[in-house]
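Noted in TrEMBL for the protein shown:
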DOMAIN    A:33-146  domain 'Acyl-coenzyme A oxidase N-terminal'
DOMAIN    A:148-257  domain 'Acyl-CoA oxidase/dehydrogenase middle'
BINDING   A:152, A:191  FAD binding site
DOMAIN    A:289-462  domain 'Acyl-CoA oxidase C-alpha1'
ACT_SITE  A:447  active site, proton acceptor
DOMAIN    A:503-668  domain 'Acyl-CoA oxidase C-terminal'
Ligand SMILES: Cc1cc2nc3c(=O)[nH]c(=O)nc-3n(C[C@H](O)[C@H](O)[C@H](O)COP(=O)(O)OP(=O)(O)OC[C@H]3O[C@@H](n4cnc5c(N)ncnc54)[C@H](O)[C@@H]3O)c2cc1C
Ligand SMILES: Cc1cc2nc3c(=O)[nH]c(=O)nc-3n(C[C@H](O)[C@H](O)[C@H](O)COP(=O)(O)OP(=O)(O)OC[C@H]3O[C@@H](n4cnc5c(N)ncnc54)[C@H](O)[C@@H]3O)c2cc1C
C-alpha cells in the first residue's frame, strides 16, 4: 500500500465517537454483563474460551487480516495450514474435545479436518466392532489416518435408501466390491474428502447373494498414505466453489469395481458372516436414531450463538450509526438519531436478539434431555423400561427434527436480516456478517432438509393425537397438552396472554394441539393424500416447535439455578425478552391463533401494541444484552461489530492499509489494452 | 485425461425429463416470450449480443468463483474495455451495450459511466457545461464516478460532511474532508478507475460580514481526481478501493478524502444553483423536479430488472426440481419411480408463487415504464402534476420488488437442497450481487415512508373534501372507501374464483390502512417515528394492490392464445391469493375478505399450483434466459444437470490440480513442495 499521508492519519471520525456512544449505551443499562454471560455459558466454558483465545491470538497463522481478500484456493490452503497448526496445538496443550471445539469456533471458519473430527470419528466410534475399533478408531483419534463421512451422492441426499453405490459381497475371496454404476452414484458434498482425507466411511448398498440389504457403512482407504494420490480405480476430488464453506474441501468420489477386505464393513450392528456368507441384521435401530437426534440437537443449540454473532454486530453498529435528525425527538437527543432508535430498525433486530436467547435455552434443554433419555435407555433393565425409553427417544427425535428446521431457518434468515439492517456497510465484507451467514447456510439443508424434515414431526404428532383420542395415558409433555386440548376442545379456552406468562405458553400449546388434531382428521377422516398435506405439516411442525421454544424459555426463567442466579432486575429484562419472543411470534402467526380460537381479534391487536412497548423497554439494554454473548473481536472479525465501537477507523484502516487491490494502479481507458499500469 | 468416469451416465436422464415436461404443456413458448420481452426489441437484441459474447474467451464465466477479489477486478476491467471496443466494432447503441452488461452479469467499473455519472452530469450541468463535458463522457475520455455517500452518511444526504468552500479571491472552490467519516465511501469506479468524480459537498460561502460561512446544503461538483498520465491521485486527494464486499467483486467501490483541494469556480454544476464568481452571491433557479422524473424512470427499470433476476432464479430452480428425484411416493401402491421434487407441495409453495411473482413484476414494470413515457413529454414542458403520485408509488414498488427478487433468489437456492449451495447452481453470484439492491437507491425500509406520507396526505385531502375531483387513482379509491362499510368480499363461489372481488379486496385493504395511518398521524398526532412500522406495512399493502391491479388489467386485455392466457390467469390468482395468505390478518381485520373465503384460501392455492405445475417448465422457458447468462449446471436448458456438475468439479476445478500433504505433523501444505511454514509469508 502507498503510505498514508499524515493529514489522513490525523483524521478522526466525527463526534460523538463510536466508543462514546457505546459507553453511553452501557452506562444506561443496569445489566451486570458478566453475570448474564455466566448464566448463558457457565464458568467452565468461559474459562476454556479465555485460555484458548490467548493461545490462538499469539499464533501468526491465525491472524485473520487477509481472510476477506483471498481467493478460494489460497484460502483453502491457508485453512489446511491452520487445521494442522490447530492439531499441533491440541497435542502440545493436551486439549480436550471441548477445548478443540472452542478453538474452531473462535477461528470461525470450517477447517479441512473438520469432518474427520466430527462425523468420521463419531461413525467409527459408534459403528466399529471391537477389532475395528482398535485398528481404525484409535489411529483416527491420533490423526494417523484422516477420514470423512461419505453418504450423500450426486443423485441422492435426502433419500438415503436411494443411494446407488454398491458393496457386493464376494464369497469366493471374502471381499466386497465397491462400485459406482452411474454418474449420479458419485459421492458428493463430502467434507474433508476433496483434497485432505485418505480414508472414507462410505455408505453403500450391501448386496449379499444377489439380495440388497440397504445402505451400510464401509471404511475404505482412498488415497495412498505416501503419495496421497487416489488408489487405482478410485476417482476423487473437490466439488468446487460454493456460496459459503469455501475453506472446506467438499469432495466427490467414484469407485470402479474397487475391492475391499471383509473387515471394511463396520460391523457393530450388522455384518456378513464370512463362514456362511449370510447377512447378520441389526437388533435395534434405536442407536442410529440416537446419533441423528444428537446431531440435530447440536444444531439447535448452536443456532442461538450463530444468530447472536450477526445480532451483536448489527446492534452495536446500529447504536453507533446515526442518520437524520428526528425532528420530533426530545431535546435531550442532540444531533442525528442512532438508527437503532428508529422503530423500523428495532423491530427487525430486537426480536432477533430475543430469538438468540430463546434458541440458546432450548438448545441447552435439548442437549440435557438427550443425555437423560439416552441414559434411560442404557439403564433400562426390563423390557417395559426399554420400551418406555425408546418411546421417549422417539418423542425427542420428533422434537429435534422440528426444532432443527425452525432454529436453523430462524438463524439463516436472521443473519441476513441483521446484515441488511446495517444498510450500505452491511454489504462490505468487513461487516463480518456475510461470512457467518454464508457459512451457516448449509444448516438449512444438511441433517435433513428443513422442509422435508417437518414431515417426521407431523407423523409423530398425528400418531400421538390418535393415541390420545383413543384414551392413551399422559406420559410426557406432548400427550399432556394434547389431552388438555381434547378435554376442552368443545368448551373452548380463554388465554390471558398479556396478563399471564403461563397462559402465554398455554396458548402456544393449544395452537399446536389444535393443528395436530386437525392434521389427524385430514388424514384419517378426509382421507387426504399425504402429499397434499405437506404444506400443512410444515406449518404444524413450526407451530409445535415454537411452542417448545416458548415453553423452554419460560421454564429456564422460572427454574432457579442457585449457581448462576440472576439478580431481579436482569431477570426482569429476561422476562421482557421472553415476552417479546413469544408475542412477536404470536403476532406473525396471528391467523393460526385466531382460527384455533386461542385468541380473539381484539387480543391480537393488543399484542401488537405490547410488542411495540416491549421494544421500547428493551432498547436501553440492547447493547449490554449482546455484550453478554461475550464474542471476542477476534472471533467476529468485524469492523461494524467491534466491542469498542471504533467502527469507522477500523473500516478505513482495512480499506486503506490491508487491501491489496490498492497496490495496483489501473490503466482505466477502454482503448488501451493495458489493465495494470503499475504495481506497488 | 480420460478415465473411467467418462463412460458413466446419470441414473435419470435430465434431458429426456425436460423434453417430456415440455411435451405435456400446450403453451406456445415463443408467443409468450414475445409477449413478455418485446420492449426495446429485447429478444432480438439478446440473441444478437449473446452470440458475440459467448464465443469470446474473455467472457467465459468458468472458474470465476475461484478467483480472488483482485483477480476478479482485473478480469472485470479487461472485460469492460473489451465491451467498449466491441461496441465500437459492432456499432452498438446504448441499449445494446446495456444488454451486453446484463449478459456478462457482473458489476464492473464502467457501469457508472452511462448511469449515475452521465445522468448527473447531464441533469445538473448548465448548457455550457453540458457542451464541455458530455462528449468526453460519451467517448470515455473522462471516466467518472458519483461520489455522494460517505463513511458516515448514506441515507441522509443532507448530512454529508465534505465541504466545498468558495474562495472569493482565488475564485476557486476548496474541497475538504474535516473528519474521517467525511471520507467518500462506496462510490463505484472510484477505487481504481475513475479519472473524474461528481463530488457531493456542502456548498459554503464566506459571510459578507464577520467570519464564518453561509451554508447552502449539498451540491454537485465535477472535477478531475487522478493524473492524466500516471493515473495517481492528484496532490491533496487520497483515494482507494474500499475492499471486498458481499458481492460486486469486480467493481472498485472507492473512498476519497480531500485536504483543502482546490478546483475552479466552473466545477460547480450550475443548472439549478449559481454562484457569482466575483461576489459570491448564491442563487437557486429552475425546478429540479426533472430529477425526480429520472428517479422514477430508473425505478421502472429497477422493477423490470427485478423481474428478470427473479425469473432467472426461478428458471434454474424449476428446471432442476423437475429433474431432481427423491423418494418414492408414500401413498403409491407399488414401489414406483422416485418423485420429482417439484411434485412435492412444499417445493411448489416456495417456487410457483415466485414464478407468478415474476409475471406480476413484469406487468407492473411495464405499466410504470409506459406511464413514465407518456408523462415524460409533460414533464419536459414543466407540468409536474403527475409526478408526485408516480414518485411516491415508485418508492413503494422499488422497496417491494427488490425485496421479492432478493429474497426470491435465496428461496430458490434453498429449494434445491444441497446442490443449491454449489457454485454451479448459478445462484451464488446473482445472490450476492443482487443483495445490494435492497439498500442502494433508497434503503428498502426507509423509503417506504415516502409512499406512506403521500397516502396520508391524500387521505387528508379526501377527508376534508370528499367530493373533490382528481386525476389520482388513489383519490377515487379513498372516496369510495370513506362512504362504504366493511365489505368482506367473497372471493370464491365453489371452485370459481372471482378476480374482480380479489381486486376490490386489495383496494379496500390499502385504503383502510391509509385511513388508519391518517388517523394516527393527523387526528391523533402520533409521532412519526412511532409509526414507522405501521407505515412500512401500509406501503407494502399499497404496492401489492398496485401489482395486483396491473396484473389484473393485463389479463383483461391479453391477446395471448387461449391456452396460454388461461395459465397466465392462474398465475394471477396464485400471486394474489398467496399474497393474501401471507398476511391473512390484514385482510380479515380490515374487513376486506370474508372469513369463509379466508378459510378456503389454502385449498385453492394448492389447487391452482397443481394446475400450473404441468406448465412450469414452459413458463420459465418463456423468459428466454440464455444458458450463457444462467451459467448454471442445475438450470441448463438441456437438462444435463449431473453431467455438467461433474464436469465442472472434475475438469474445471483448480483445487484438484494440486496434491496436498494432509498430515498434521508436517508443516508442508503442497505435497513435495517443501513449502512448510511458507504460508505465513502470504499472510
Ligand atoms: C456444505 C455441505 C456439506 C455437506 N457435507 C456432507 C458430508 O460431509 N457427508 C455427506 O454425506 N453429505 C454431506 N452433505 C450433503 C447433505 O447432507 C445433503 O445435501 C442433504 O441431505 C440434502 O439432500 P439433497 O441435497 O439430496 O436435497 P434434495 O433432497 O434433493 O432436496 C431438494 C428439494 O426437494 C425437497 N424434498 C426432497 N425430498 C422431499 C420429500 N420427501 N418431501 C418433500 N420435499 C422433499 C427438499 O425440501 C428440497 O427443497 C453436505 C451438503 C452441503 C451443502
Ligand atoms: C454495492 C453498493 C454500491 C454503491 N454505489 C454508490 C455510488 O456509486 N455512489 C454513492 O454515492 N453511493 C453508493 N452507495 C451507497 C448507497 O447509496 C448507500 O449505502 C445507501 O444509500 C444506504 O445508506 P447508508 O449506507 O447510509 O445506510 P444507513 O442509512 O446507515 O442505514 C442503516 C439502517 O438504518 C435505517 N435507517 C436510516 N435512516 C432511517 C430513517 N430515517 N428511518 C428509519 N430507518 C432508517 C436503515 O433502514 C438501515 O436499516 C453504494 C452502496 C452499495 C452497497
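Note that Cβ sites are derived from N, Cα and C of the backbone, with glycine treated the same way.
Nobody curates TrEMBL annotations by hand; they come from automatic prediction.
Since we're looking at a predicted model, the values are computed, not measured.
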Candidates from A:152, A:191, A:447 close to chain B, where recorded positions are judged by Cβ under 8 Å:
A:152
Rounded to the nearest Å, what's the C-alpha distance separating residue A:152 (FAD binding site) and residue A:447 (active site, proton acceptor)? Just drop the number here, would you?
11
Give me the Cα-Cα distance between residue A:447 (active site, proton acceptor) and residue A:191 (FAD binding site), rounded to a whole Å.
13
Count the Cβ atoms, other than its own, that fall within 10 Å of the Cβ of residue A:152 (FAD binding site), considering every protein chain shown.
21
Work out the three-state DSSP category of residue A:152 (FAD binding site).
coil
Number of Cβ atoms other than its own within 10 Å, given for residue A:191 (FAD binding site):
26
Looking only at DSSP and grouping its letters into three states, which state does residue A:191 (FAD binding site) belong to?
coil
Secondary structure content, the domain 'Acyl-coenzyme A oxidase N-terminal' (A:33-146) (per DSSP, counts of residues):
89 helix, 0 strand, 25 coil
For a quick check of packing: other C-beta atoms within 10 Å of the C-beta of the residue listed as 'active site, proton acceptor', how many?
19
